[in-house]
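**Student:** If you look up Swiss-Prot, you'll see Arg15, Thr80, Gln163 marked as site 'Important for substrate specificity', on the strength of sequence analysis. Taken from Swiss-Prot, the feature region 'Disordered' covers 28-48. According to Swiss-Prot, the feature active site, proton acceptor maps to Asp79.
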Amino acid sequence: MNVQHKLVLASGSPRRIELLGQAGIEPDRIHPADIDETPQRAEHPRSLARRLSRDKARKAHEQLQGEAGFSGALVLAADTVVAVGRRILPKAEIEDEARECLRLLSGRTHKVFTGVCLVLPNGNLRQTLVETRLRFERLSRLQINAYLSSGEWRGKAGGYAIQGLAGSFVVKLVGSYTNVVGLPLQETVGLLADGGYPVYANWGTGKV
């Protein structure tokens, strides 16, 4: 494959890998970019998602420079942020964080922002930002405790995974479902196609 058609995913997220596979896209390399994800003072959730996706893409691109076979590859990165109003919810790592997230989301509308950034072989950036609005039903103590016991919340933005048990909490969703999972598929495929990646190459090969 032409090096300019090689794709590096700057994320180790199984959900993002699966979503790309759903569109017939298999990255040539998985290269997670480790960056400081701390929000800046008074930073809007939308701005945070955009900035982090850009920083991840740039870092991965820089790390691959001079590496045989990948220095001219396309680099794709994404970051998902969940917010209630302007309050950014954490990627829950401990149960108390997840409990607080679920308490805040209970009966409320919240927004999920995913920034997607593509670094072209010449180093130029292409970005998009997708917003989805959701509302959870009012959660009982039983529901919250049961969900916490499942462990699905661990490492998830906002303390839940919509593609799992928490999908049963959703009363209303406006926008991209795959955005909430972690990668807005329609917009990402469009970004890759515009960047010169052969997104439809595998559709007629039986590899999808």
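Numbering starts at 1 and runs along the chain as it is shown here.
The backbone N, Cα and C atoms fix where each Cβ goes, glycine too.
The shown structure was predicted, so the numbers you read here are calculated from the model rather than taken from an experiment.
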**Student:** Between Arg15 (site 'Important for substrate specificity') and Gln163 (site 'Important for substrate specificity'), how many Å separate their Cα atoms?
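**Tutor:** Each residue's Cα considered, Arg15 (site 'Important for substrate specificity') and Gln163 (site 'Important for substrate specificity') end up 9 Å apart.
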**Student:** Quick test of the contact rule: Cβ under 8 Å, at least six residues beyond the ends. What residues does that give for the region 'Disordered' (28-48)?
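**Tutor:** Distant Cβ neighbours of the region 'Disordered' (28-48) are 1, 6-12, 17, 55-57, 59-60, 63-64, 70, 73, 75, 77, 79, 81-83, 86, 88, 91, 111, 113, 129, 131.
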**Student:** Could you state the CA-to-CA distance between Gln163 (site 'Important for substrate specificity') and Thr80 (site 'Important for substrate specificity') to the nearest Å?
**Tutor:** 15
**Student:** Specify the count of other C-beta atoms within 10 Å of the C-beta of Thr80 (site 'Important for substrate specificity').
**Tutor:** 27
**Student:** So which of the recorded positions is most packed in, judged by how many other Cβ atoms lie within 10 Å of its Cβ, out of Arg15, Asp79, Gln163?
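**Tutor:** Going through Arg15, Asp79, Gln163 one by one, the largest Cβ count within 10 Å is at Asp79.
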